Amino acid sequence: MTIIDGKQVSANLKQELKTAVEACRQKTDAVPGLTVIIVGEDPASQVYVRNKSKSCKEIGMNSTVIELPAETTEAELLAGIEALNNDNDVHGILVQQPLPAHIDDYAVTMAILPSKDVDGFHPENVGQMVLGNLDKCFISCTPYGILELFSRYSIETKGKHCVVIGRSNIVGKPMANLMLQKLKESNCTVTICHSATSNMPEITRQADIVIAAIGRPEYVTEDMIKPGAVVIDVGINRVEDPSRKSGYRLVGDVDYENVNKKASAITPVPGGVGPMTIAMLLKNTLQSFMRVHNIESA
């Protein structure tokens, strides 16, 4: 059984990106810039933003964090995004979720220039992805990171049956579409399961690859997996644990302790998919910079 180590793959990728950023600096006397906007004081969001900023600095990218109070109006936020759209030193714009209830998520997504939408959420980027024009878009970071793990671990995917559990716009839908694409990391027969699927264990037991992104702690159990399946756990859930100083522990959407006895390869939580999400955000930001400066990928 192979443990797919996203933490190590992410570290390796960051080193490669650091080299690429330095090569860009030597060619253009400039480096990629990522700006993250956070509205309000959600503690988890602040941790995520700090991690993104730290990762940027580690590879030599410029990182700017704009902190706005929770009472910021939608119009004020959209005006700030427009200013960043027009700033040539900004190559990636990310608005940290969740936003306060009075701000429309869709309006914010639409306001970001598709060429700077390094989260890959703008309909133009989603549409290009669905059409298979992956060189003309940004791919949503978590699904992109999973493809990278398949590539780095030489997971055989062509013609395999892949079951994606979850249909969110951030992971489930783009992941299912990417697994359909004619890529060396995908090219699968794809089934999507979700909260209204009545016979889910029957379906998942047929899968060569299971990607769990349903947001339920340890939902995927050993009896739902066939022997030798590859299991990718996207979930990050807090469960109470009085034995821990924090009072909780992190678990995924998969019952790791039991499923790993049956799987041929599996991602742990933490340390599996999570670290890849930020790494692919950096990769998308670098790609944005390279498109602006007409630099071809190595």
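Keep in mind that glycine also has a Cβ here, set from the backbone N, Cα and C atoms.
When Swiss-Prot records Gly166, Arg167, Ser168, Ile236 as binding NADP(+), the matching candidate from Ser186, Ser195, Ser264 it lists for that site is Ser195. Under a cutoff of 8 A between CB atoms, and with a sequence separation of 6+ in the same chain, the neighbours of Arg167 (NADP(+) binding site) are Lys173, Ala176, Ile192, His194.
The number of other CB atoms found within 10 A of the CB of Ser195 (NADP(+) binding site), across every protein chain shown, is 11.
Across the residues annotated as binding NADP(+) (Gly166, Arg167, Ser168, Ser195, Ile236), the widest Cα-Cα separation comes to 17 Å.
Neighbour density for Ser168 (NADP(+) binding site): within 10 A of its CB lie 16 other CB atoms from the protein chains shown. Reduced to three states, the DSSP call for Ser168 (NADP(+) binding site) is coil.
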